[in-house]
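Student: Below you will find the structure I want to go over with you.
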Amino acid sequence: MNKERLVLVGNGMAGMRTIEELLKLEPDLYEITVFGAEPHPNYNRILLSPVLSGEKTIDEIILNSRDWYAEHGITLHTGDPVEHIDRRKRLVRSRFGLEVPYDRLILATGSNPFIIPVPGADLPGVLGYRDIADVEAMIETARGFKRAIVIGGGLLGLEAAYGLQQQGMEVTVVHLLDTLMERQLDKPAAALLKASLEKRGLTFLMEAQTAAIQGRDRVESVRFADGSEIATDLVVMAVGIRPNMALAQSAGIHCERGIVVDDTMLTYDARIYAIGECVQHRGQCYGLVAPLFEQAKVCANHLAKLGYGRYQGSVTSTKLKVTGIDLFSAGQYQGGDGCEEILFQDPGAGIYKKLVIRENRLAGAVLYGDTIDGAWFFQLMREATDISAMREDLLFGQAHLGDSGHGGQTQAALMTDEMQVCDCNGVCKGEIVKAITSKGLFTLEDVKLHTKAAASCGSCTGLVEQILASTLGSDYSTPEAKPICTCTDYSHDQVRAAIREQHLTSLSDCFEKLDWRRPDGCHVCRPALNYYLISTWPAEAIDDSQSRFVNERVHANIQKDGTYSVIPRIFGGETSPAQLRAIAEAAEKYAVRSVKITGGQRIDLLGLTKEQLPHIWKDLTDAGFVSGHAYGKSMRTVKTCVGSQWCRFGVQDSTKMGIELEELTWGSWTPHKFKLAVSGCPRNCAEATIKDFGVVAIESGWELHIGGNGGVKVRATDVLCRVTTPEQVKEYCGAFMQLYREEARYLERTAPWVERVGLAYIKKRIVEDEIGRRAFYKRFLESQKQAQVDPWKERAAGAEAHEFTALKQVNG
Amino acid sequence: MTAVDDKTWLEVGTLDEIPRQGARVLKREGGDIAVFRTAADEVFALLNRCPHRGGPLSEGILYGRNIVCPLHNWCLDLASGEAKEPDEGCAPAYATRIEAGRVFVCTEPN
Ligand code: SRM
Ligand SMILES: Cc1cc2nc3c(=O)[nH]c(=O)nc-3n(C[C@H](O)[C@H](O)[C@H](O)COP(=O)(O)OP(=O)(O)OC[C@H]3O[C@@H](n4cnc5c(N)ncnc54)[C@H](O)[C@@H]3O)c2cc1C
Ligand code: SF4
Ligand code: FES
């Protein structure tokens, strides 16, 4: 019964991973006590940046909940740092006076952000970037203040800067050297990164040395060595970290740059292990989780008394977690003596790749803009594969090896089972596929839970989703810059430009002028071409119904049994007894099999045969309904809340605004479905911040949001701007929709589109350019004239009758 | 085609009644038949049930001599009813002929 006592000092990523690994091997060996200086249970520090940028909440990044500790019989003391180790008596003492004896002790105290010792560094408003408290302080500052300076243009500094900007601050990044992220990137890649961050609205001050931070009660400005000054309300120092070894030192444990450990993670005291960023192993300190997790495995192996694990150091790779920027770097990216470099540059497309080769082995890689082959390069590097045979094609990635280059095939399908997908947690493709099939997993969350893939920094999320999709066989359609389909070599953007420039108005024009390989295209290109034609030439192009998916052709949603559903439009979600009665009567008359309230605030009538459609439409349109377009790549719904008409918190009439927006936009065809919502106050009951165009009422008017998305991949909106009148809301909405309709690729929803072109670009076209905005709005209104003809009414009156009747009926 | 007994040939309507690159349905108790018309005005007929999960093939997108099922995108050859790789399966196919603009379908499967 007398278990050995294990104490962990430092409730962070490395320490807790060691405990988890230990529990997997030996769940009952120790009585475990954990001390943490922070008031939280263990959380995913890497995901602080998404918390700062508002893409995640703190609850979402908790790794081990308090319940988890309780379930595993672990005693947890949070908010109470260990301040003393008595190695003779073998006990630790905490700040609040707790004394806990140990048989074995793990030190996992992490590191501290380095604060440059300049005058004023201790002023309120000067922060490091390390923990939840820092992030909370930054978000709090962003609420009341406008300007921020981030000192340090490395990984952490750039993530902090991006996050603060997403919080609405004007951010200047100050860097000592002339290139950003010099520890991970070479100059050309760094220059591309800088340009793209500038496009997103960040300002840079390069080669600037901070001399002093100035201010009376809190920071007011920063002065530089050349005498210049910049006013600011917040300074974040992200200039590096220092292993946190004060506790170990005070206990007389041998330390150099960090706590010195051997290959079994043992310190100079045979009862004390150390792990994580606080340690120095073979002269090396690490600041990324992948190596720390490898250390954790080894340490757990010894704690479990297996005794064979050895840690021999790690090769590390880096990705930057700024939404929409793809960057990968690993190994000796700078090259040098005895190295050769292979380069690829396409500044126009924002792509840069460099591979460093030494003795026929890949020694380093920097990828910018197209990082899809990062995992593969990293594997070649770690396994020291001889690459002489594939040298010529290496740069073009794995997809180009051999002659099996199927278009549209996903990266995941090409990966072998041994290839590592998640670098943080060392998870291979095979493990993920096995978990999906043997455990019946269907969602990303499940895979994270069971395999830990994508559960740390999240940068392999896309790859894991692809593996899910290819293993489960679902067909996610994602648009890309590749050829539209195998009928052509042209990309979506090229075809669209040709349609505009060469004034092509029909499918046969396109096939002929653009040298299509199949005389009548295929099911992939035809719907796209048809959309480009009717959106570019609304008055001239003929909408080809045979190139539309059945739902859009027959104006109802096909169901799995071949029947259809009918969803009439309920403008702004507001209805009336008369409307409800009409729906009820139609539902009864046609023996509708189910009546369902949709997630879009309207009513769905399911289980109708094709022949019934024109008849039920007649009844519905006679009662004043129009089609809800629930079936189309088109404007779907406008969700609203009750707003100021009724709600005690409402500040504007959101229902009326929603109805007006729906009246304005219904019937329009878009590259992908398009949803709107209007909330009456920032409580946001209509969930406007996950819509393609969201409107949130504020005291002074309306806040306009764009690019939100529920569904497979949730994305919260970006704020476009604030306006004061309903007329402006409509103008901005129409203009935004028109920009989207004219420029996004077919099947590209606003969320990925906004990420691709950048918020700054959309602001430039819609907010900053008043004349341009008006022109967009005008074109939108113009094309709505053609679009707002109710397709149901036409068909109820006999249009396209062949669609809804059998060619012939025979008995027997 | 002459080998088939004349009685099994059924006149279903005129070519004009079937949209180009589209289909119409012949309703019958033994299972509906989809009658397709290609861009080149050829006519084909398949049992209107996708070999995958029974999707109505008449509602798919037609290109060349292929029909793409509306439910999960299986692609079938109009002449043989065979699914394209990597999918496996076959929808029964029926012979067709056009005489003076009138379309006939042989209601015995090939
Ligand atoms: C009626 C309804 C709006 C509407 O017309 O559609 C509504 C109305 C109110 N919501 Fe809501 N919410 C309504 C759905 C939502 C939704 C959407 C959903 O879940 O279906 C959300 C977003 C999801 C969520 O919960 O975050 C939502 C997020 C809120 C919030 C923000 C909660 C938060 O933690 O962020 C509040 C404010 C609060 O609770 O402090 C809130 C608070 C309120 C209160 C109760 C305000 C109050 O404290 O008195 C509103 C009552 C107004 C009134 O006088 O009747 N309502 N509210 C919705 C009722 C749905 C229902 O009957 O079930
Ligand atoms: C904003 C940010 C972004 C990052 N992004 C990435 C990334 O994308 N990829 C990547 O690989 N890495 C990233 N990192 C680095 C990664 O988070 C760290 O390498 C990792 O958290 C280190 O783990 P650790 O357990 O050694 O230290 P920590 O996670 O810092 O844990 C140490 C814990 O010990 C506590 N502690 C210290 N002293 C005591 C004491 N005396 N008593 C009790 N408790 C004590 C600390 O409060 C802390 O909670 C990022 C770090 C930050 C800050
Ligand atoms: S979530 Fe959507 S796709 Fe999935 S079952 Fe429901 S309706 Fe169908
Ligand atoms: S039913 Fe035809 S593809 Fe599934």
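Positions of Cβ are set from backbone N, Cα and C atoms, glycine also.
Any TrEMBL annotation is an automated prediction that lacks curation.
According to TrEMBL, the protein carries these features:
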type    : residues                               : note
BINDING : A:CYS641, A:CYS647, A:CYS681, A:CYS685 : [4Fe-4S] cluster binding site
BINDING : A:CYS685                               : siroheme binding site
DOMAIN  : A:5-282                                : domain 'FAD/NAD(P)-binding'
DOMAIN  : A:317-383                              : domain 'NADH-rubredoxin oxidoreductase C-terminal'
DOMAIN  : A:421-469                              : domain 'BFD-like [2Fe-2S]-binding'
DOMAIN  : A:484-534                              : domain 'BFD-like [2Fe-2S]-binding'
DOMAIN  : A:559-621                              : domain 'Nitrite/Sulfite reductase ferredoxin-like'
DOMAIN  : A:632-770                              : domain 'Nitrite/sulphite reductase 4Fe-4S'
Student: Can you check how the pLDDT averages out over the domain 'NADH-rubredoxin oxidoreductase C-terminal' (A:317-383)?
Tutor: 81
Student: Of all the binding-site residues given, A:CYS641, A:CYS647, A:CYS681, A:CYS685, which residue's CB has the most CB neighbours within 10 A?
Tutor: A:CYS641
Student: With helix taken as DSSP H, G or I, strand as E or B and everything else coil, how many residues of the domain 'BFD-like [2Fe-2S]-binding' (A:484-534) land in each class?
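Tutor: Helix, strand, coil within the domain 'BFD-like [2Fe-2S]-binding' (A:484-534): 27 helix, 1 strand, 23 coil.
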Student: DSSP three-state call for A:CYS641 ([4Fe-4S] cluster binding site): helix, strand or coil?
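Tutor: It is coil.
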Student: Based on Cβ pairs under 8 Å, which of the stretches A:5-282, A:421-469, A:484-534, A:632-770 lies most in contact with the domain 'Nitrite/Sulfite reductase ferredoxin-like' (A:559-621)?
Tutor: A:632-770
Student: In the same chain, outside A:CYS641, A:CYS647, A:CYS681, A:CYS685, whose C-beta lies within 8 angstroms of the Cβ mean position for the [4Fe-4S] cluster site?
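Tutor: After dropping the recorded site residues, what remains is A:VAL642, A:GLY643, A:PHE649, A:GLY650, A:SER654, A:SER679, A:GLY680, A:ARG683, A:ASN684, A:ALA686.
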Student: Look up A:CYS685 ([4Fe-4S] cluster binding site) in the DSSP assignment and report helix, strand or coil.
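Tutor: Once the DSSP labels are grouped into three classes, A:CYS685 ([4Fe-4S] cluster binding site) ends up as coil.
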Student: Under DSSP, is A:CYS647 ([4Fe-4S] cluster binding site) helix, strand or coil?
Tutor: coil
